[in-house]
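Heads up: the structure comes next, in structure tokens.
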Amino acid sequence: MEPMGQESQGAAGPQEGREETRLEEAPEPEPKYSDRQSREDGAGTQPVGPGGRDTAAAEGEAPAGPAVAGRREGRGKWDGADGKGKPRESESGKDLGKPEDAARKPGDQQSGTSREYSRERFQERAEGTEQVEGKYPLEEKPDWRKIPTQETKETNENKIFRGKKETSAGRETEQLFRRPTIRFSIRPRPSSQSLWSDHWHPSPSLFNQLATMGDPDVLEMVQQEERRSSRDADYSFETNEPSLGSRETSLLIGEETLPAKRYNLFLRRRLLFKKDKQSKDSIFFRDGIRQIDFVLSYVDDIKKEGDIKAERRKEFELNLKKTGLELETEDKTNSEDGKTYFVKIHAPWEVLATYAEVLGIKMPIKESDIPRPEKVPFSYMLGPLKLPRNVKHPHPEYFTAQFTRHRQELFLIDDKSSFFPSSSRNRIVYYILSRCPFGVEEGKKKFGIERLLTSHTYSSAYPLHDGQYWKPSEPSHPVNERYMLCQNWARFSYFYKEQPLDLIRNYYGEKIGIYFVFLGFYTEMLLFAAIVGLACFVYGLLSMHSSTRSTEICDPEIGGQIIMCPLCDLVCEFWRLNSTCLASKVSHLFDNESTVFFAIFMGIWVTLFLEFWKQRQARLEYEWDLVDFEEEQQQLQLRPEFEAMCKHRKMNPVTKEMEPYMPLHRRIPWYFLSGATVTLWMTLVIASMVSVIVYRLAVFATFASFMESEASLKHVKSVLTPQITTSLTGSCLNFIVILILNFFYEKISAWITKMEIPRTYQEYESSLTLKMFLFQFVNFYSSCFYVAFFKGKFVGYPGKYTYMFNVWRSEECDPGGCLIELTTQLTIIMTGKQIFGNIQEAIYPFILNWWRRRKARTNSEKLYSRWEQDHDLESFGSLGLFYEYLETVIQFGFVTLFVASFPLAPLLALLNNAIEIRVDAWKLTTQYRRPVAAKAHSIGVWQDILYGMAVLSVASNAFIVAFTSDIIPRLVYLYAYSTNTSDPLKGYVNNSLSVFLVADLPNYTAPSEKRDFTTCRYRDYRYPPEHDQKYSHNMQYWHVLAAKMTFIIVMEHVVFLVKFLLAWMIPDVPKDVLERIKREKLMTVKIIHDFELNKLKENLRVDSNEFAKEVMIQENKVQLAKSTI
């Protein structure tokens, strides 16, 4: 009977063809083939059996088993019944007998035509039931809840053999004369199964669940079920009994059932293959048809473990073949260095279809009728920023559904070789590689490519890039998306253009794609903050010369007459206030009336950024088919390392399956070690910060005495005061210490996280993220917090200073406040980190790749193949994206936590991100191997970190304005203490400085110079020496402190109120996106319903008269069989 649907026939796999059978009286008509199948047949294949099975075995493979022979026999009968009297030839008309004969082993040769072979087999069986029963014993199918062991399986076989021999001999003989007809269907028919089959097979969903949950025994279990299904199918063909119970339940495709079609083609083309004529950019096997989805490389190891590694590779590659993957090895003599072997991996349609269902990959079923969002107002003004439409949206939008093998006709499959995008293909192959076993060592089952890479059994594992990034692919090859990305994304001249997000997602997968969406959205939002911050800076620049405070400090009659107390003991002299004239003017740039406004604005900006990002993320989930994406499909899968370390198993209360389990008492020691390590390193960061403070205290006196003694530095002194010089050198030293500590801690935190043995990938990433972020938070921000909230706050006063370790006197702030020093610290660390990061990301891999290629190109006449070119690139690594997120979040902290002290921080971040996007794009496209695609529907735990930093930023900016800035004391003086109505701030500098009697200075602190003044001034609000409570805090101090606390409370409450109102007013999912999601769900359900309804109607078209006629024919055959016996 004609197969139902093109897709089911050509690539349904060795098991799908046995989905459902029906008995018919009429002979089977000749199948009709699609255009693609015709081309494949013409290329050298011979479909013989129903379902498109082939006649030849692969080179080096075992000869076709009994099941294949049975299918040959059945096909030979139908050809005879058709009146043709000869086997079918390929539609191309070419004689492929020689290659096929060469491919077969001697034991696989057949005498005569397939009809004669069938007759011999039939006579063999007709001689008696003993031979049939002994040769093809029936098996008892296991209960779906129990997977039998080998021993129980043999016992059950013997038991059923004896029972069937006594009770079912007539029935077995009755089936000998039935003629099978295979009919394809999207799902088995329960009624037919109950009618014709005595046995039941486990559901495909059972093995899919086991594979999804990461069961390490799933491969053996499925292979066992495959062998059982093959024997059942063989028996059903031998006895002409339609076997409807042998559904495709296997994730492993046995070697004996692999289609020979592609191997015949491989054998024929291998004879004509010349390696020196192969394209250097080829992404195919030697046959030029099978696409390379993954590459493994290794080098022979001559050490003791060389044989062990070779045995692991042999077992691993054998198991890969059992899963259905196809491998092709390039000898080391063909490599550039003459040492490296390359194993190329191709996933055929059967494997892709099986694991696409396991991973829940959504594929198109119909082109969407929902129009894309309308253009925003004034979009014509943004024309220069837009990309061409074919680059921005390379594919039309579709309604999608999770792929399933039993509904292949539902999906828009034009070409099976290109139906799954390359990102999905390499994701599926990596899923298999990460769970494929390679042996048992020390009583534990070992599996996973990551463990083999760690033990250096393989040196690398990576998917191939599409081609060269500087030239497009040949017209006959698939589209080179790498070239498109390089031309439209990885160019620095395109820094102002939007990103081709759909193209990034198609090539690198959703996880990398969503990072670039986040980075682009964050950069767009920074534009508004940068504009406002620049406006505040310009305001400070324009008002700098009109500032009353700066004018008084620089005035020789005011600031020049104020004598300030020494800043250090003994070696520091008394100094005049006007020496800090330039510093006071620069301080006004960042410490003015606009500071309060900008701090409040940034608190609201953070809220808008996070709320709008949630909307953008929701829109992205709809556009990228991530609405129903469940994290457990990938992130919640068990890590192979966890499974390997677990000796216990525990019932999962949700799935009711036994899962690896590690008791808490085994983890507690590692948790303690992890916590102690993180605490130790954070303490080390604090210690390093203290050492930098000690450096500043020790060096300040040196700078002060040196500048006083050197007459040549008289002009420099007006620009570089001892305070500024110490601050600059201390900040640079602190930045160097930060980089050194960060380098070592990255290594230690990754090791500690592995030792904790996290259960899932999500737990691993969350644990590593927590450790790295806590450390980097302390490492990068501790010095800024010190300057903002501690420096100059606990100094004391002349004659009673506080000392660190009773040796070094505490640091004092400049008379204009510590804000300018905080700005300096923030600028150096933020700018230095961004410059160093970009250099590290761009130049470091470029130099490594250049050197690796230089060493590899030792023999220029050899072929420098596509896989070798990618092998010489730098590996992106599993944590590459983690560090990108970490860098962005740390920058977000600089922009939000301390932005009140540096309004230009958003502008610097904006400029850096515009370059960062192109640097990341350039290095991913040109300098790194292609990462394995992964799915993600959000930025994960980083979003929670951003929310935490947003809340913290409101408090930190409020405290900076209150305690670090000089704005609150000026406002208190303006409204409470000023007596000048024409210029209210006149006299503020004198009011903010307290008086100290020089005679009260202790001898161990007073400088030795002669002096003609009796008092000096210091920054504080204290009573003068003649007061009864001299040197105690006066009433103005408490007024200022109350005003600071009031400001903090009012600012926090106002900003938080606005934040909560904005969060309530802005929906997480836009209304138009909700409507689109509902529309797509409705259409998807309708399409699937119509498809199932049509299939049901087609299956019910059997006329009742024909069915009755069939029953009579079968009864006659049974009687004939009994009479023959």
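Don't overthink the numbers, they just go from 1 along the chain as shown.
The backbone N, Cα and C atoms fix where each Cβ goes, glycine too.
If you check TrEMBL, you get these features:
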- 16-42: compositional bias 'Basic and acidic residues' (COMPBIAS)
- 57-69: compositional bias 'Low complexity' (COMPBIAS)
- 70-107: compositional bias 'Basic and acidic residues' (COMPBIAS)
- 116-154: compositional bias 'Basic and acidic residues' (COMPBIAS)
- 284-501: domain 'Anoctamin dimerisation' (DOMAIN)
- 504-1080: domain 'Anoctamin transmembrane' (DOMAIN)
- 1-154: region 'Disordered' (REGION)
- 514-542: transmembrane segment (TRANSMEM)
- 595-613: transmembrane segment (TRANSMEM)
- 671-704: transmembrane segment (TRANSMEM)
- 724-745: transmembrane segment (TRANSMEM)
- 768-789: transmembrane segment (TRANSMEM)
- 889-911: transmembrane segment (TRANSMEM)
- 945-965: transmembrane segment (TRANSMEM)
- 1045-1066: transmembrane segment (TRANSMEM)
Under 8 Å, at least three CB pairs between the transmembrane segment (595-613) and the transmembrane segment (514-542) (pairs 6 or more apart)?
yes
When only pairs 6 or more apart in sequence are counted, do the transmembrane segment (945-965) and the transmembrane segment (1045-1066) reach 3 or more Cβ pairs under 8 Å?
yes
Contacting positions for the transmembrane segment (671-704) when only residues 6+ beyond its ends and CB under 8 Å are counted
567-569, 571-573, 722-723, 725-727, 729-730, 733-734, 737, 741, 745, 748-749, 752-753, 755-756, 767, 771, 774-775, 778-779, 782-783, 786, 804, 808-811
Mean pLDDT over the domain 'Anoctamin dimerisation' (284-501): what is the value?
87
